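All remarks here apply to the structure that follows.
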Amino acid sequence: MINIIKVNNEQQFNETGAGIIASLLQSKPRAILGLATGSTPVGVYGKLIELYLEGVVSFKQASSYNLDEYIGLPANHPESYRQFMNDKLFNHIDILLENTHVPSGNAVDPDKAAADYSELLENAGQIDLQLLGLGHNGHIGFNEPSDELQGPPHIVTLDERTRQANARFFKSIDEVPTHAITMGIGSILHAKQILLMAKGADKAEIVAQALKGPITTQCPASFLQTHPNVVVLLDQAAGRLV
Ligand code: GLP
């Protein structure tokens with residue numbers, strides 16, 4: 001079941017996204033959150049920080065599992081997803097850092113790091129709410145279009161398009177990692193509820209393909225159509241074709 005919410009501006013986008021997460025935490029303080037990086041959720045995280053500072057929401061008993069992490073960047077590299085999460089959210093709220101989890105992208109043995117993350121997720125139980133952004137090629141996490149998709153966390157080779165899209169955060173394209181560890185499609189679909197977020201006219205086509213097109217490994221986000229509880233938060237531009 002896909003429930004589409006279209007909002008009119010950035011403020012509504014952030015308030016709506018943060019509102020969904022805050023309501024969960026209010027009804028279930030020990031909620032397990034699946035978190036996402038990318039530019040789309042940044043404002044939502046900003047709004048969550050505000051709600052925390054206003055005393056509306058607490059993360060003290062919550063835990064979190066991030067979707068993905070680049071391989072080969074030190075954890076404190078400004079563009080590592082661990083650093084991103086610390087900067088954009090964790091350092092500003094009362095979540096206990098030891099309850100936040102991001103795959104370890106700088107492990108000596110990345111295959112083992114992916115297997116360890118898989119085990120960690122299995123032991124955690126079901127994620128209550130999984131946040132997702134959407135890549136221009138239909139990727140979720142770093143599950144890139146391919147002839148086949150994998151269920152559990154695994155290592156991926158990043159698409160050239162993905163590296164180019166993310167090059168804006170690095171000094172040059174050469175610095176963008178070529179590989180990442182990502183939750184698999186199975187890990188994502190295992191969540192109780194999923195919140196997919198997309199903004200901007202450049203996402204309109206892929207949003208339509210993901211939500212209304214055929215379910216195909218060439219558009220990994222199309223598998224969300226098989227999940228019983230998906231909320232899709234869009235601005236008018238991204239939602240133009242759905
Ligand atoms: C990145 C991330 C995804 C993210 C997507 C879209 O590469 N791995 O998790 O959802 O690309 O990013 P943005 O929100 O910046 O458009």
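Cβ from N, Cα, C; glycine included.
Worth saying up front: this structure is predicted, and the values here are computed from it rather than measured.
Straight from TrEMBL, the features:
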| type | residues | note |
| --- | --- | --- |
| DOMAIN | 18-228 | domain 'Glucosamine/galactosamine-6-phosphate isomerase' |
| ACT_SITE | ASP68 | active site, proton acceptor |
| ACT_SITE | ASN137 | active site, for ring-opening step |
| ACT_SITE | HIS139 | active site, proton acceptor |
| ACT_SITE | GLU144 | active site, for ring-opening step |
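A Cα-Cα distance of 12 Å separates HIS139 (active site, proton acceptor) from ASP68 (active site, proton acceptor).
Annotated pair ASN137 (active site, for ring-opening step) and ASP68 (active site, proton acceptor), C-alpha to C-alpha distance, rounded: 17 Å. Under the DSSP three-state reduction, ASP68 (active site, proton acceptor) is assigned to strand.
Per-residue pLDDT, averaged across the domain 'Glucosamine/galactosamine-6-phosphate isomerase' (18-228), gives 97. Across the structure, ASP68 (active site, proton acceptor) and GLU144 (active site, for ring-opening step) are spaced 12 Å apart at their Cα atoms.
The active-site residues near ligand 1, defined by a Cβ under 6 Å from one of its atoms, are ASP68, chosen from ASP68, ASN137, GLU144. Under the DSSP three-state reduction, GLU144 (active site, for ring-opening step) is assigned to coil, being neither helix nor strand. Taking all protein chains in view, 22 other C-beta atoms sit within 10 angstroms of the C-beta of GLU144 (active site, for ring-opening step). Annotation note: ASN137 (active site, for ring-opening step) sits in a coil segment as assigned by DSSP.
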